[in-house]
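Feature annotations, courtesy of TrEMBL:
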- A:Asp11, A:Ser12, A:Tyr43, A:Gly44, A:Asn75, A:Thr76, A:Thr187, A:His188: substrate binding site (BINDING)
- A:Cys74: active site, proton donor/acceptor (ACT_SITE)
- A:Cys186: active site, proton donor/acceptor (ACT_SITE)
Protein chains: 2
Amino acid sequence: MATDGAIGVFDSGIGGLTVVRSLMDRLPFEDIVYFGDTARVPYGIKSVATIRRFAGEIARFLMQRDVKMLIVACNTMAAVADDVVRECAGEVPVIDVIDAGARAAVAGSRSRRVGVIGTPTTINSNAYAERIHALDRGVRVYSAACPLFVPLVEEGWLDHPVARMTAREYLKPVLAEEVDTLVLGCTHYPLLKPLLQRVVGRRVGLVDSATTTAELAADELRRQGLAREAGKPAHRFYVTDVPLRFEAIGERFLGRSLGTVEKVDWAVD
Amino acid sequence: MATDGAIGVFDSGIGGLTVVRSLMDRLPFEDIVYFGDTARVPYGIKSVATIRRFAGEIARFLMQRDVKMLIVACNTMAAVADDVVRECAGEVPVIDVIDAGARAAVAGSRSRRVGVIGTPTTINSNAYAERIHALDRGVRVYSAACPLFVPLVEEGWLDHPVARMTAREYLKPVLAEEVDTLVLGCTHYPLLKPLLQRVVGRRVGLVDSATTTAELAADELRRQGLAREAGKPAHRFYVTDVPLRFEAIGERFLGRSLGTVEKVDWAVD
């Protein structure tokens, strides 16, 4: 391994592009290979055995593309298939969104009362609470599943009265616990950040797992002497299907033009 | 073929259970075999080639189970794979939700101004407008995609202020066209029927494709001498994955207990 490998980032769909966006901002010289399993999204409703199999397939695909780091930019895979990915990765460092979010929450909370929001699968997996407690057993974690946030983001209703009303309803029980930190435990949620900040108020800090993952990746690359300090980066995007509105939604997530997207066929169904 | 075959009903997920519910009410003596491709749902975001392949696989699976009629209870498959299903079915009659909805809309509209709502894929396919125009070229069709309705139904917010506000927003442009009939072009939408009726007002008739499909099935069975007039029916349910909250959501759709659900493995990914 050397500084010239790419960072491999993967997700069940396009949500992980929010992580890519943060990586591009934080590590502007690094090559990035993104894999989004758009043909089989959403993973959240699939069985654990199926998700673990898919995670292994994707990790192996990226390992064949000269990566120096793997980033699991999918809360569902990070929750139930972390060990599968690490086994495929061998010596290559692996970072995941849950780990990054848990670390940032523990570091950022003064009251040691932390809220976590995510999809039903992520929340039911209890993965954030477990990782937070592995870092600090004294932190109280209050969770809420927010199943409508992903469709609201994909609809583009980022600052819509419906999104505000939905957020107020979902967050009410968590806010009642007087948390001072709220982890956005889903890669779609960074797009709702301004709205969510208004709903939770200024006294609650939002932990956005896209920026915290990019931060952790930067630390890890530097620590292992793998960071690239100059050069024009290459960004490649692989998907398993090119769905309706893919480009429009993808570019909203990435905050810029997607460039070339390659469709791979080995996982079409 | 004889009166003792089952009615085969299929959908990409569990939405088609609203059609099964209407069939149980309308045809209480008929055996029903349901197939829900829960491992690969939602189809709406997949490519047409993929959807056609899946539709063929499912139709062949049901044809091996002694069916006397096939019902495509999935708007996405009905829109893009109707011919594939009919080819697999051979002599067995095929009915689909789009055909049933289009016929009921044309029969029910006096002003000949019809609204159609559905998922983005169904609306973009233009299938309802085409089928309505094949029956009556003079009917004006006004469509609106309602991507948040499916997640709202699955969240169980059937009479929630968020659902009301969302419905008002989605329906505003269609209602402005002074339609007298609104086709609910998605198998999830019958659960929103009371709320939608309040939003559109009493002067607009709702065409619910679950009940219209059951009606069309009953007519067709009678016409072909295939109807069963007595006996205790058997209801079988096949799915390709058993996702989180499957039973709770399934029973809400079906309006009764699901009974035995069998998981088949040939389409797990």
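Backbone N, Cα and C atoms are what each Cβ position is placed from, and that goes for glycine too.
Taking a C-beta cut-off of under 8 Å and a sequence gap of six or more, A:Thr76 (substrate binding site) has these contacts in its own chain: A:Ser12, A:Pro42, A:Tyr43, A:Gly44, A:Ile51, A:Thr119, A:Thr121, A:Thr122, A:Ser125. Rounded to a whole number, the C-alpha distance linking A:His188 (substrate binding site) with A:Cys74 (active site, proton donor/acceptor) is 10 angstrom.
The substrate site in the record is lined by A:Asp11, A:Ser12, A:Tyr43, A:Gly44, A:Asn75, A:Thr76, A:Thr187, A:His188, and its two most distant CA atoms lie 14 Å apart. It is 6 Å from the Cα atom of A:Cys186 (active site, proton donor/acceptor) to that of A:Asn75 (substrate binding site). Close to A:Cys74 (active site, proton donor/acceptor) in the fold, though at least 6 residues off in sequence, lie A:Phe10, A:Asp11, A:Ser12, A:Gly15, A:Gly16, A:Tyr43, A:Val97, A:Thr187, each with a CB less than 8 Å from its CB. In the three-state DSSP assignment, the secondary structure recorded for A:Asp11 (substrate binding site) is strand.
Same-chain residues that are not part of A:Asp11, A:Ser12, A:Tyr43, A:Gly44, A:Asn75, A:Thr76, A:Thr187, A:His188 yet have a Cβ within 8 Å of the Cβ center of the substrate site turn out to be A:Gly13, A:Gly15, A:Gly16, A:Val41, A:Pro42, A:Cys74, A:Met77, A:Thr119, A:Thr122, A:Cys186. When secondary structure is read from DSSP and collapsed to three states, A:Thr76 (substrate binding site) falls in the helix class.
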